[in-house]
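In what follows, a structure is listed as structure tokens, so that the remarks can point back to it.
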């Protein structure tokens, strides 16, 4: 079944086994050292570098927008102090904005009462005082200026025209007009929002007006003063709005620091839920790890699992801070995730502990526990580690920082669990070994003893527990877990029902259809409002901006870099073509909103050429004319042309265009992509820029980066799964599940109002690792099952993993439920997406994968043909997996195959994993299992003990009666092999179900097939057999014994009628002569390898039946070694050295280590337990027959 290599699996098992033993011997060191390391790493919190800049965190590191901004700032750096123009800024700077609407029922803002309150608001803002570094200042002291004049909202000067406007004697002409009183040029789209117009572009009503205030930010001190002024602005406007100062207007406000504040608030809102989450997870862990058994219950270990995860996260964060990695608020989601991961590992390790034998020493139990849990907790940690490692290469710093901290946390959680938590388990193991109460610490009685001693109900309900050392397998003390039995009996029955399978498949198809539809509805990009809390003042501002200011949202700059001869008509035509192409797109409004210095200058010259008499035929004359007549200091176009140092050449220029009707983030992405393409296709070195394009770059990158991470993650997860679980089919199912879960998460997150942005990309990358946990373990358990029936495989997988899947998914969801209460989009996205991946992963593991594996996995032909009866029969593949040490070089060379590889790790089964040997009463239940006891049921053990006790009693009675001893040996070796080990002997005949038996190598063969195998070698051994020393057999033993019994076909056979079941019976009735041996040398297979020495005192030989009659009447049965006979007499050397020594000795030199009892010569029950009464005197020279197995004599 295995494909590939299993060295990783074996190495982990061995390494963790030795680690478990060391931890059990010295648990104190493994507790103290992690605690000290945690305290040491926590000192790194002094190096905390808190980062809240939205652009730094959520824009691509090397985005195209940043490249474009670098080009703009190279030629046109903003001067806030003297030459500030709001349409030509390259960074947001320091500013304050208000959007004002009416609240008195009249939507029109063009009213005197409204403008009076607007003036009040403006004065309040401009006169507010701020203090920085002992310097007190107001807005007018620190405002951005144009030609030494503060930037002002000239729209307020319309109050001079308000009487005429209200009387209808004057109309406002959209989009701009000159104020006849103040001579201001009012650009209405900048200030008016949601304007309603007539067909002649006259303003009917204005629902919203915005006011903007910019302060200087040319250096760090100015930027710091501007930040302090923003704090004052937000405080003053907020107090005015909340106090009800305004009767006619409602004010929403925003500043450049608002997003910083919101990110900081997001961090603070989740901190109070840490304690409640830890308490909730601790309570859940305690309850989940408890049992009805007061000794085997592990409530404190559940709590220590939480403590271990918390310590690991604290240490990991401290070390990351020591490394100089910035800390961001999103990192606070990591502890919740790490607690979930840690609790999952806790369940796995506790389940592995419960699968060990309670009779073993604590050190050995710890070794086995660590060995069995090695693959499970390692594959979980490695997949999470790799998924976060993929996120480190993301182009977004927020993703990089979060994934870096998470990588540290995953590694520390893994190390702390295999050291600190494992040491806690060792201490708990010593407590359990002493049968101490799990809570009170006092010694208690097992339940079986408490019942025998008739203890009161309260004692049995609270105090009783553990196992009785005198009867460790008592079923009263070893009850199966109620929920595990539910999954095995009830849930598996539902899933194995064909109609339920159809329903599950249809549900899965509906799930995929919904996911595919959701993918088509994905919106890309992180909207600014989603960085704020739902109760933030900024949310109202963003909503009003979307409602009223989406018609003319962005003033974009087109930069033409590089020296050009603008006097050349070809260059002028190229610039005009580029401008016209941009204006004719659906994203840009008409040319009346375009500000082009070249177009306006050429038009100016054309209108005034006769008056100016200017010549622009050559480059120098063009430069002289444009500097003299057009680029004078008061003209904003002077900011759009950059000359070289000696001002003899134009090395860069720009023009401005106006975006129109951009509705949402997808529209913004399409606009940026199409406009950039137009600039790239132009023969000019042109680029387009807006300060928000730095954020819009995520729209272009988030989809391909997320898709790339998901594909790479799925491939890596398949490789990791194949490395730890080397089965190609299992790896393919894991990859299928990962893709299916990721598809579902991506689709349903869109339907759950989650955009594809840097926050959701973190979760998509993280979900790659989370989606492997349940699916890999359920696939492994199903594929490694030895059951022939798919229904039986499903029962085994659900019995092993049903409860752990529910426990793991519940703990993870409980660990992140606090994020739902934080009222922050960032943490809400974490909750939604982790919930989706955990829920979908659990559904895949509990329902979908068992159905698909039963339909398309091993033994699926039984399902399709309707022959799957759900039997517990196992597939005997021991011949393929365990080759004999040497082939059949001689007749009857029967090498006894080991049922498991014995060693310090117990018996090894599938891929070297610590599975128990065949026939041993404990059974591995797969990866990630959790349960009370996965060993063989207590009732089965009790029945077997009763059988062994009865057999022992019969043997003791048989020692007094040689005939009965012979009969009992025959019955055990023959009838038990025919009818099975559980056949019961009642009234001298067998009552058992006839069942096929596998041979020594795990193949099911008949007697005839076994006979053919042996006869094929017999002729090759004749010469060697004749040269061997021969010894006499047992003879003349109870020749008058007549016993009726049945052969394998049910026929009644009388021993004395010449139709024995085996040649051994024939040898018992008569001595053999040379002629007899010659005749029988080609007959019975048993006789072919039989050696005897002729006896001198042989009694008369009984008449032999005809050879043909004997050959046709004989029934050959396969013999196997009996536990009853080998228990007291070991027929094989204990080690290879003894075997080799025996090869060099003759039969006469070999002396048994322990002489048999004087009355009998013991024989292996695989050769019918033949016994001979002890005789004294001259006739005591008869020797027991010698059997040859290969090169050994016995």
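Here the Cβ of each residue, glycine as well, is placed from N, Cα and C on the backbone.
On a predicted model such as this, the values are computed, not experimentally measured, just so you know.
Pulled from TrEMBL:
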- 936-952: compositional bias 'Low complexity' (COMPBIAS)
- 1040-1052: compositional bias 'Basic and acidic residues' (COMPBIAS)
- 270-427: domain 'SSD' (DOMAIN)
- 922-968: region 'Disordered' (REGION)
- 1013-1194: region 'Disordered' (REGION)
- 28-45: transmembrane segment (TRANSMEM)
- 270-291: transmembrane segment (TRANSMEM)
- 303-322: transmembrane segment (TRANSMEM)
- 328-353: transmembrane segment (TRANSMEM)
- 373-393: transmembrane segment (TRANSMEM)
- 405-427: transmembrane segment (TRANSMEM)
- 499-520: transmembrane segment (TRANSMEM)
- 705-725: transmembrane segment (TRANSMEM)
- 732-752: transmembrane segment (TRANSMEM)
- 758-780: transmembrane segment (TRANSMEM)
- 833-857: transmembrane segment (TRANSMEM)
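Across 303-322, 405-427, 732-752, 833-857, stretch 732-752 shows the highest tally of CB pairs under 8 A with the transmembrane segment (499-520).
Here the transmembrane segment (303-322) does not touch the transmembrane segment (705-725). Their Cβ atoms form fewer than 3 pairs under 8 Å, with each pair 6 or more residues apart. A contact between the transmembrane segment (28-45) and the transmembrane segment (405-427) is present, since 3 or more of their C-beta pairs, 6 or more residues apart, lie under 8 Å. The list of residues near the transmembrane segment (732-752) in space but at least 6 beyond its ends in sequence, with Cβ under 8 angstroms from a Cβ of it, reads 511-512, 514-519, 521-523, 706, 710, 713-715, 717-718, 721, 760, 763-764, 767-768, 771-772, 775-776, 779, 832-833, 836-837, 840-841, 844, 848-849, 852-853. Counted over residue pairs separated by six or more positions, the transmembrane segment (705-725) shares fewer than 3 Cβ pairs under 8 angstroms with the transmembrane segment (328-353), which leaves the two as not touching.
Proximity of distant same-chain residues to the transmembrane segment (373-393), defined by a Cβ-Cβ separation under 8 Å and at least 6 residues beyond the stretch ends, is recorded for 9, 12-13, 15-16, 341, 344-345, 348-349, 351-352, 399-400, 402-404, 406-407, 410-411, 413-414, 417-418, 709, 712-713, 716-717, 720-721, 724-725, 762, 765-770, 772-773, 776-777, 913, 927-928. Highest Cβ pair count under 8 Å relative to the transmembrane segment (833-857), across stretches 328-353, 405-427, 758-780: 758-780. In this model, the domain 'SSD' (270-427) carries an average pLDDT of 88. For the transmembrane segment (328-353), the residues of the chain that approach it from at least six positions outside its boundaries are 50-52, 57, 263-264, 266-267, 270-271, 274, 277-278, 281, 284-285, 288-289, 298, 301-302, 305-306, 308-310, 312-313, 317, 365, 368-370, 372-373, 376-377, 380-381, 384, 398, 401-402, 405-406, 409-410, 413-414, 417, 421-422, 425, 429, 759, 762, 766, 773, 804, 807-808, 811-812, 814-816, 818-819, 826-827, 830, 834, 925, 927-931, 934, judged by C-beta separation under 8 angstroms.
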